[in-house]
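Asks: Here's a structure for you.
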Amino acid sequence: MNAIWIAVVAVSLLGLAFGAILGYASRRFAVEDDPVVEKIDEILPQSQCGQCGYPGCRPYAEAIGSQGEKINRCAPGGEAVMLKIATLLNVDPQPIDGDEQEVAPVRMLAVIDENNCIGCTKCIQACPVDAIVGATRAMHTVMSDLCTGCNLCVDPCPTQCIELRPVAETPDSWKWDLNTIPVRIIPVEQHA
(Lines of atoms letter the chains of each structure in order from A and count residues from 1; the text may use other names and numbers.)
(Lines give C-alpha, C1' and ligand atoms only; values in the text may rest on other atoms or scores of the structure.)
Protein backbone atom coordinates (compact mmCIF):
# COMPACT_ATOMS: atom_id res chain seq x y z
CA MET A 1 0.00 0.00 0.00
CA ASN A 2 2.87 2.32 0.84
CA ALA A 3 4.49 1.66 -2.56
CA ILE A 4 1.30 2.72 -4.34
CA TRP A 5 1.27 6.10 -2.59
CA ILE A 6 4.94 6.64 -3.41
CA ALA A 7 4.24 5.88 -7.09
CA VAL A 8 1.21 8.21 -7.15
CA VAL A 9 3.18 11.07 -5.57
CA ALA A 10 6.17 10.49 -7.88
CA VAL A 11 4.02 10.49 -11.03
CA SER A 12 2.14 13.58 -9.82
CA LEU A 13 5.39 15.47 -9.19
CA LEU A 14 6.72 14.44 -12.61
CA GLY A 15 3.48 15.64 -14.25
CA LEU A 16 3.67 18.94 -12.39
CA ALA A 17 7.33 19.44 -13.35
CA PHE A 18 6.77 18.62 -17.02
CA GLY A 19 3.66 20.83 -17.09
CA ALA A 20 5.67 23.75 -15.70
CA ILE A 21 8.42 23.18 -18.29
CA LEU A 22 5.87 23.06 -21.15
CA GLY A 23 4.13 26.19 -19.84
CA TYR A 24 7.42 28.09 -19.70
CA ALA A 25 8.45 26.86 -23.17
CA SER A 26 5.12 27.87 -24.71
CA ARG A 27 5.53 31.44 -23.44
CA ARG A 28 9.26 31.67 -24.14
CA PHE A 29 9.08 30.39 -27.72
CA ALA A 30 5.66 31.79 -28.67
CA VAL A 31 5.30 33.18 -32.18
CA GLU A 32 3.27 36.38 -32.40
CA ASP A 33 0.58 36.34 -35.09
CA ASP A 34 0.00 39.39 -37.24
CA PRO A 35 -3.27 41.02 -36.05
CA VAL A 36 -4.08 42.15 -39.61
CA VAL A 37 -3.86 38.54 -40.84
CA GLU A 38 -6.17 37.48 -38.00
CA LYS A 39 -8.76 40.11 -39.00
CA ILE A 40 -8.55 39.17 -42.69
CA ASP A 41 -8.99 35.50 -41.77
CA GLU A 42 -12.12 36.38 -39.76
CA ILE A 43 -13.59 38.20 -42.79
CA LEU A 44 -13.00 35.30 -45.22
CA PRO A 45 -15.88 32.78 -45.48
CA GLN A 46 -13.80 29.79 -44.21
CA SER A 47 -15.04 27.51 -46.98
CA GLN A 48 -11.46 26.24 -47.60
CA CYS A 49 -12.43 25.76 -51.25
CA GLY A 50 -9.09 26.66 -52.84
CA GLN A 51 -10.63 28.75 -55.64
CA CYS A 52 -8.27 31.59 -54.74
CA GLY A 53 -5.23 29.45 -55.53
CA TYR A 54 -4.34 28.81 -51.89
CA PRO A 55 -5.10 25.61 -49.94
CA GLY A 56 -7.44 27.40 -47.54
CA CYS A 57 -8.62 30.71 -46.15
CA ARG A 58 -5.79 31.11 -43.60
CA PRO A 59 -2.96 30.86 -46.20
CA TYR A 60 -4.82 33.33 -48.43
CA ALA A 61 -5.21 35.73 -45.47
CA GLU A 62 -1.46 35.43 -44.77
CA ALA A 63 -0.69 36.13 -48.42
CA ILE A 64 -2.88 39.24 -48.40
CA GLY A 65 -1.52 40.51 -45.09
CA SER A 66 2.19 39.88 -45.54
CA GLN A 67 2.85 39.36 -49.26
CA GLY A 68 0.49 41.93 -50.76
CA GLU A 69 -1.67 39.40 -52.63
CA LYS A 70 -4.75 40.72 -54.48
CA ILE A 71 -7.87 41.05 -52.32
CA ASN A 72 -10.29 40.00 -55.07
CA ARG A 73 -9.61 36.25 -55.41
CA CYS A 74 -12.23 34.84 -52.99
CA ALA A 75 -15.06 33.57 -55.21
CA PRO A 76 -17.39 32.29 -52.45
CA GLY A 77 -17.09 35.55 -50.51
CA GLY A 78 -17.56 37.63 -53.62
CA GLU A 79 -17.85 41.38 -53.61
CA ALA A 80 -18.92 41.68 -49.96
CA VAL A 81 -15.75 40.03 -48.64
CA MET A 82 -13.55 41.99 -51.04
CA LEU A 83 -15.11 45.29 -49.89
CA LYS A 84 -14.61 44.42 -46.20
CA ILE A 85 -10.94 43.54 -46.79
CA ALA A 86 -10.46 46.73 -48.84
CA THR A 87 -11.92 48.77 -45.98
CA LEU A 88 -9.74 46.98 -43.41
CA LEU A 89 -6.53 47.51 -45.41
CA ASN A 90 -7.55 50.99 -46.61
CA VAL A 91 -7.02 50.10 -50.28
CA ASP A 92 -9.16 50.65 -53.35
CA PRO A 93 -11.77 47.97 -54.11
CA GLN A 94 -10.97 45.77 -57.10
CA PRO A 95 -13.25 43.89 -59.47
CA ILE A 96 -13.71 40.23 -58.54
CA ASP A 97 -10.91 38.09 -60.00
CA GLY A 98 -11.71 36.98 -63.52
CA ASP A 99 -14.05 39.89 -64.15
CA GLU A 100 -12.76 42.91 -65.98
CA GLN A 101 -16.05 44.70 -65.46
CA GLU A 102 -17.34 45.91 -62.13
CA VAL A 103 -20.14 43.31 -62.24
CA ALA A 104 -20.16 40.71 -59.49
CA PRO A 105 -20.10 37.07 -60.66
CA VAL A 106 -23.28 35.03 -60.58
CA ARG A 107 -23.57 33.12 -57.32
CA MET A 108 -23.66 29.36 -57.85
CA LEU A 109 -25.49 26.83 -55.70
CA ALA A 110 -25.05 23.05 -55.51
CA VAL A 111 -28.24 21.15 -56.33
CA ILE A 112 -28.67 17.40 -55.72
CA ASP A 113 -30.89 15.31 -57.98
CA GLU A 114 -32.54 13.49 -55.10
CA ASN A 115 -33.95 10.74 -57.35
CA ASN A 116 -30.42 9.59 -58.25
CA CYS A 117 -28.78 10.14 -54.85
CA ILE A 118 -27.70 6.82 -53.28
CA GLY A 119 -26.87 8.30 -49.87
CA CYS A 120 -23.14 7.53 -49.92
CA THR A 121 -22.31 10.69 -47.83
CA LYS A 122 -19.23 11.50 -49.95
CA CYS A 123 -20.64 14.95 -50.70
CA ILE A 124 -21.29 15.57 -46.99
CA GLN A 125 -17.67 14.70 -46.20
CA ALA A 126 -16.39 16.96 -48.99
CA CYS A 127 -18.48 20.03 -48.08
CA PRO A 128 -16.30 22.46 -46.07
CA VAL A 129 -19.25 24.45 -44.70
CA ASP A 130 -21.65 21.59 -43.81
CA ALA A 131 -24.27 22.82 -46.26
CA ILE A 132 -25.34 19.28 -47.24
CA VAL A 133 -27.59 17.29 -44.92
CA GLY A 134 -28.67 13.67 -45.08
CA ALA A 135 -27.92 10.24 -43.69
CA THR A 136 -26.26 7.09 -44.99
CA ARG A 137 -28.42 5.39 -47.65
CA ALA A 138 -30.90 8.26 -47.51
CA MET A 139 -31.30 11.15 -49.89
CA HIS A 140 -29.29 14.31 -49.28
CA THR A 141 -30.17 17.93 -49.85
CA VAL A 142 -28.31 21.24 -49.91
CA MET A 143 -29.16 24.09 -47.53
CA SER A 144 -29.05 27.00 -49.95
CA ASP A 145 -28.32 29.62 -47.28
CA LEU A 146 -25.05 27.88 -46.35
CA CYS A 147 -23.79 26.74 -49.76
CA THR A 148 -20.88 28.81 -51.09
CA GLY A 149 -20.82 27.22 -54.55
CA CYS A 150 -17.23 26.03 -54.10
CA ASN A 151 -17.73 22.94 -56.34
CA LEU A 152 -15.95 20.57 -53.90
CA CYS A 153 -18.98 18.27 -53.58
CA VAL A 154 -19.43 17.65 -57.32
CA ASP A 155 -16.40 15.45 -58.10
CA PRO A 156 -16.71 12.95 -55.19
CA CYS A 157 -20.29 12.04 -56.15
CA PRO A 158 -20.26 8.53 -57.71
CA THR A 159 -23.65 8.97 -59.41
CA GLN A 160 -22.96 12.49 -60.75
CA CYS A 161 -26.23 13.72 -59.25
CA ILE A 162 -24.81 17.07 -58.04
CA GLU A 163 -24.55 20.11 -60.26
CA LEU A 164 -23.95 23.81 -59.73
CA ARG A 165 -26.72 26.12 -60.85
CA PRO A 166 -26.86 29.91 -60.79
CA VAL A 167 -28.93 31.32 -57.96
CA ALA A 168 -32.14 32.93 -59.14
CA GLU A 169 -32.27 36.66 -58.60
CA THR A 170 -34.48 37.75 -55.75
CA PRO A 171 -35.05 41.21 -54.30
CA ASP A 172 -32.28 40.37 -51.80
CA SER A 173 -29.68 39.25 -54.36
CA TRP A 174 -30.52 41.57 -57.27
CA LYS A 175 -28.20 44.51 -57.98
CA TRP A 176 -28.30 47.39 -60.42
CA ASP A 177 -25.93 47.09 -63.35
CA LEU A 178 -25.21 50.79 -63.61
CA ASN A 179 -22.96 50.42 -66.66
CA THR A 180 -25.86 49.26 -68.87
CA ILE A 181 -28.27 52.08 -68.04
CA PRO A 182 -28.26 54.61 -70.90
CA VAL A 183 -27.68 58.13 -69.67
CA ARG A 184 -28.66 61.16 -71.71
CA ILE A 185 -27.74 64.64 -70.61
CA ILE A 186 -30.54 67.11 -71.14
CA PRO A 187 -29.36 70.70 -71.44
CA VAL A 188 -31.00 73.11 -69.06
CA GLU A 189 -32.15 76.41 -70.50
CA GLN A 190 -30.63 79.33 -68.74
CA HIS A 191 -32.87 82.29 -68.08
CA ALA A 192 -31.43 85.70 -68.63
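Here the Cβ of each residue, glycine as well, is placed from N, Cα and C on the backbone.
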Asks: Pick the one from Cys120, Cys127 that Swiss-Prot also lists for the [4Fe-4S] cluster 3 site with Cys147, Cys150, Cys153.
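Replies: The record-listed residue among the candidates is Cys127.
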Asks: Pick from Cys74, Cys157: which one does Swiss-Prot list with Cys117, Cys120, Cys123 for the same [4Fe-4S] cluster 2 site?
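Replies: It is Cys157, as the record lists it for that site.
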Asks: Give me the long-range Cβ neighbours of Cys123 ([4Fe-4S] cluster 2 binding site): same chain, 6+ apart, Cβ under 8 Å, in sequence order.
Replies: Ala110, Ile112, Ile132, His140, Cys153, Pro156, Cys157, Ile162
Asks: Nearest by CA distance to Cys150 ([4Fe-4S] cluster 3 binding site): which of the binding-site residues is it, out of Cys49, Cys52, Cys74, Cys117?
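Replies: The answer is Cys49.
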Asks: Averaged over the domain '4Fe-4S ferredoxin-type 2' (138-167), what pLDDT does the prediction give?
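Replies: A mean pLDDT of 89 is what the model gives the domain '4Fe-4S ferredoxin-type 2' (138-167).
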